[in-house]
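*Asks:* Found this in TrEMBL, in case it helps:
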{"type": "DOMAIN", "residues": "B:1-236", "note": "domain 'Tetrapyrrole methylase'"}
{"type": "BINDING", "residues": "B:L9, B:D84, B:G87, B:S112, B:I113, B:L163, B:L221, B:H246", "note": "S-adenosyl-L-methionine binding site"}
Protein chains: 2
Amino acid sequence: MLYVIGLGLSDERDITVKGLDAVKSCERIYLEAYTSILMVDKEKLEAFYGKPVTVADREMVESESDTILANAQNVNVAFLVVGDPFGATTHTDLVIRAKELDIPVETIHNASIMNAIGACGLQLYNFGQTISMVWFTDTWRPDSWYPRVKENRDIGLHTLCLLDIKVKEQSMENMARGRLIYEPPRFMTVNTCLEQMLEVEEKRGENAYGPETLAIGCVRLGTATQLFVSGTMEQLVEEDFGEPLHSLVLIGRRMHVMEAEMVRGFCPEKYRAKFDEIYKRDYES
Amino acid sequence: MLYVIGLGLSDERDITVKGLDAVKSCERIYLEAYTSILMVDKEKLEAFYGKPVTVADREMVESESDTILANAQNVNVAFLVVGDPFGATTHTDLVIRAKELDIPVETIHNASIMNAIGACGLQLYNFGQTISMVWFTDTWRPDSWYPRVKENRDIGLHTLCLLDIKVKEQSMENMARGRLIYEPPRFMTVNTCLEQMLEVEEKRGENAYGPETLAIGCVRLGTATQLFVSGTMEQLVEEDFGEPLHSLVLIGRRMHVMEAEMVRGFCPEKYRAKFDEIYKRDYES
């Protein structure tokens, strides 16, 4: 049996009782660690499970799936995913390969950012499509997400923006010299995301949003230091949100008065007057 | 402390380890049982927790919140919610009231239909706004959800439809006679939802969708008998999906080829030729 098990958002104790029982029945345990991260390290998980855990990077999952699935017709194997297995990223290829090998697959769900984001005060059913933001480089500044944000905004819906993560990157020099030395992991901040979004709006000028659009920085969601800060995009770009992981929500015009009350509660005093002005001017009540 | 704890989708073992520890620390435990249901009854939860559980109906949560919160400044109280606390329904009023009473609140997240629906083969980030479908009566056939579906469909997004649940209903006769006798709980089927949707499309004729629109019946999500059946709306209306809970997804035109492959896997042989014809005609590849 292949168990694909969601770990939830924060630490080792966010696994479900069902998920933990499954892990304990497994001969091998893999942790997918390239699309998101847990707030605890592998050693903590191993101590909690009483079993060794193998970190599976993208290369392993994508090109060595048969190693992960070896003998899973006869023994239990766990593939652990931060959040929910069907969250922002799916592992369809692994599941399809398991089925080809006649390995039964069981999924154990958990919270992911796609539903826990409801804690920011906006109703989940008022969100439109979700976008992903990658780091711009000098030569690559992709904006294929822009029309999607515009579609959401045109019909008044909220937009969840998931921010890039880089793990196991090599520097150009190390790559050129063939040295398997990796850079420390990097996590995009709300600030970088906002800067890139404002740059693209300025360039395209289709008025999908602007410096005065209301937004919420959603930080370390589901952890003990979870933080929401609301304000305009140009206000939030100056804010210090601290440690990862960060996400951003652009608020849609069709914000219900009860949503507005909750979101206003996350607006620092210094931004409050502007928040109220923009809310009155641009948002429906 | 007030703990607001998500129970997940299926049975008593879907609670997280963190959630279970919190429950065990509580002096009183309430189970919200009017917006969704777990697949196990209160007695099973009580046996699992080793503590009594009080079922909280809508009236109790909405008008007796101070009973639930009594002395929660000094002792721990658990408020259990099927799915995630910020899922399809929120309990904002209870949380706001707790804060007024200086009671600390901690939320423990879990899977809900809003993220577990990713198991149907469609990517979560391609979903638009979510709608809720209530039972039509002879005199009340609300269609305020229709423009929302149309907005999603116009830009090619998928639509999750959450179906009505009726618990603790009184018959007209029992109500008239003041007898506190309640009807058995009722759960809307995929079939009823499809019938109502097709009726409204016929009446309004704005072409938000039609009998040949592709859809997925999503049944008992997250449980051992979970079932997905894809086909056209008019095919699925004839299908028998069995026990509750049911939900429906209307598939958006902008279906990725990998999504289509997964969804086609849920299409019964008898519907397959039609599925392929409609996919080729109406959906992007």
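Just so you know, glycine gets a Cβ as well, placed from its N, Cα and C.
As the structure is a computational prediction, the values presented were derived from the model and not from experiment.
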*Asks:* Same-chain residues six or more away whose CB lies under 8 A from the CB of B:H246 (S-adenosyl-L-methionine binding site)?
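*Replies:* In sequence order, B:L163, B:F187, B:M188, B:T189, B:V190, B:C193, B:G217, B:C218, B:V219 meet the Cβ cut-off.
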*Asks:* So what pLDDT does the domain 'Tetrapyrrole methylase' (B:1-236) average out to?
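*Replies:* Overall, the domain 'Tetrapyrrole methylase' (B:1-236) comes to a mean pLDDT of 93.
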*Asks:* What subset of the binding-site residues B:D84, B:S112, B:L163, B:H246 has a Cβ positioned less than 8 Å from a Cβ of chain A?
*Replies:* B:D84, B:S112
*Asks:* Using Cβ atoms only, which residues of the same chain lie under 8 Å from B:D84 (S-adenosyl-L-methionine binding site) while being at least 6 residues apart in sequence?
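*Replies:* In sequence order, B:G6, B:H109, B:N110, B:A111, B:S112, B:M114, B:N115 meet the Cβ cut-off.
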*Asks:* For B:H246 (S-adenosyl-L-methionine binding site), which of the three DSSP-derived states applies: helix, strand, or coil?
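*Replies:* Its secondary structure by DSSP: strand.
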*Asks:* To see if you understand the setup: which same-chain residues, six or more apart in sequence, place their Cβ under 8 Å from that of B:G87 (S-adenosyl-L-methionine binding site)?
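*Replies:* B:G6, B:S36, B:V81, B:S112, B:I113, B:M114 - these are the non-local Cβ neighbours of B:G87 (S-adenosyl-L-methionine binding site), listed in sequence order.
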